[in-house]
Each structure stands twice: as C-alpha cells, then as structure tokens.
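Chemist: This is the structure I want to talk about, given as structure tokens.
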Amino acid sequence: MVLSAADKTNVKAAWSKVGGNSGAYMGEALYRTFLSFPPTKTYFPHFEFSAGSAQIKGQGQKIADAVSLAVAHMDDLATALSALSDLHAHNLKVDPVNFKFLCHNVLVTLASHLGKDFTPEIHASLDKFLALLSTVLTSKYR
C-alpha cells in the first residue's frame, strides 16, 4: 500500500491537531483495545487495567512516540520502525492481529476527539497510514 501525497498531507494535518494530547489519546486507544479485545491484556500482566492507569498512560505515550516517528518518516517507515518491528516480532512476540485491533481503536479515539476535523478524507488517510504502519511492524514475523 502506498500513501498518496494527499494522504501524507492529511495524516500530518490530523496528527498536528492531536498535538500535545497524543500520549493521552493513544493511552485511551489502548484502554479501548483492552476493553474491546480482552486477550490483548496478556502482553501486560503487570498493568492495572482501570481508566487513567499510570501504566496505560505510560504505554500510551510510547505508542504516541512511535506514531510521531512514523508520521515524521512516512517515506521510509521500514527503516524508521525497524527496531520497533524487531522488538515486537522477536522479543515481545505480539500476535500481529493485535496491531489491527489497536489501529481500529486509534481511529475511534481520534474520531471522538477531533470531531468535525475528522473528515471522511482524514479518516481514509489515517486508516491507510495505520494499516501501513501495522504492515511494517509485522514485517519481521516472516
């Protein structure tokens, strides 16, 4: 999947609107993932799974940092996310389907917070971007 110039512009615009809330929003998306897909909790046995948990907020910030890195390097995601892909494939052994679950909840969370700025075009571009990000993160499983 290739992102068009319009997709890249839309993703950058949406992520800039997220701004300083990126960690909180990604923490919320992770929390939604845990609620919607309980088996995803198995990767975090030490977490407190309540809303506002410090562990979920901390992991949310890590996710936000990874998304920010991906947004900044959309033209070479494979290189930018290589270490993260290695970590998830070889060390953490995260089931690849979990990336799709999280990406779905990222879209839900961003839609709920961006309101009218979450246009159909932004939605489509973010969906493509997150699918590409998931593909890169699971590329080392093969």
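Glycine is treated like the rest: Cβ placed from N, Cα and C.
What Swiss-Prot records for this protein is below:
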DOMAIN    2-142  domain 'Globin'
MOD_RES   LYS8  N6-succinyllysine
MOD_RES   THR9  phosphothreonine
MOD_RES   LYS17  N6-succinyllysine
MOD_RES   LYS17  N6-acetyllysine
MOD_RES   TYR25  phosphotyrosine
MOD_RES   SER36  phosphoserine
MOD_RES   LYS41  N6-succinyllysine
MOD_RES   SER50  phosphoserine
BINDING   GLN59  O2 binding site
BINDING   HIS88  heme b binding site
MOD_RES   SER125  phosphoserine
MOD_RES   THR135  phosphothreonine
MOD_RES   THR138  phosphothreonine
MOD_RES   SER139  phosphoserine
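A description of the local structural setting of each listed feature is requested, covering burial, neighbours and distances.
Modeler: In the predicted structure, the domain 'Globin' (2-142) carries a mean pLDDT of 94.
Around LYS8 (N6-succinyllysine), the C-beta neighbours below 8 angstroms that are at least 6 residues distant in the chain are MET74, SER125.
Listed in sequence order, the residues of the same chain lying 6 or more apart from THR9 (phosphothreonine) and placing their CB within less than 8 Å of its CB: none are present.
Applying an 8 A CB threshold to same-chain residues 6+ apart, the list for LYS17 (N6-succinyllysine) reads LEU114, ASP117.
According to DSSP, LYS17 (N6-succinyllysine) is assigned to a helical segment.
Cβ-based neighbour count (10 Å, all protein chains) for TYR25 (phosphotyrosine) stands at 21. The DSSP secondary structure for TYR25 (phosphotyrosine) is helix.
Residues near SER36 (phosphoserine) in space but far in sequence (CB under 8 A, at least 6 apart, same chain), listed by position: PHE101, ASN105. Secondary structure from DSSP puts SER36 (phosphoserine) in a helix.
All protein chains included, LYS41 (N6-succinyllysine) registers 13 other Cβ atoms within 10 Å of its own Cβ. DSSP gives LYS41 (N6-succinyllysine) a helix state.
Neighbour list (SER50 (phosphoserine), Cβ cut-off 8 Å, at least 6 residues apart, same chain): empty.
Reduced to three states, the DSSP call for GLN59 (O2 binding site) is helix. Around the Cβ of GLN59 (O2 binding site), the number of neighbouring Cβ atoms within 10 Å comes to 19.
Under the three-state DSSP scheme, HIS88 (heme b binding site) falls in the helix class.
Long-range Cβ contacts of THR135 (phosphothreonine) within its own chain (separation 6+, distance under 8 Å): MET1.
Secondary structure from DSSP puts THR138 (phosphothreonine) in coil. Around the Cβ of THR138 (phosphothreonine), a 10 Å sphere holds 19 further Cβ atoms from the protein chains shown.
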Chemist: Please report the DSSP secondary structure of SER50 (phosphoserine), reduced to three states.
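Modeler: In the DSSP reduction, SER50 (phosphoserine) maps to coil.
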Chemist: Check each residue in the chain of SER139 (phosphoserine) that is at least six apart in sequence and keep those whose C-beta is under 8 Å from its C-beta; list them in sequence order.
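Modeler: Expected: ALA78, SER85.
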Chemist: If you measure from the C-alpha of THR138 (phosphothreonine), which of the recorded positions TYR25, LYS41, GLN59, HIS88 fall inside 10 Å?
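Modeler: If one measures from the Cα of THR138 (phosphothreonine), the recorded positions that come within 10 Å are HIS88.
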Chemist: For a quick check of packing: other C-beta atoms within 10 Å of the C-beta of SER125 (phosphoserine), how many?
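Modeler: Total other Cβ atoms inside 10 Å, all chains included: 22.
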Chemist: When you measure from the Cβ of HIS88 (heme b binding site), how many other Cβ atoms are you left with inside 10 Å?
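Modeler: 21, counting other Cβ atoms within 10 Å of HIS88 (heme b binding site).
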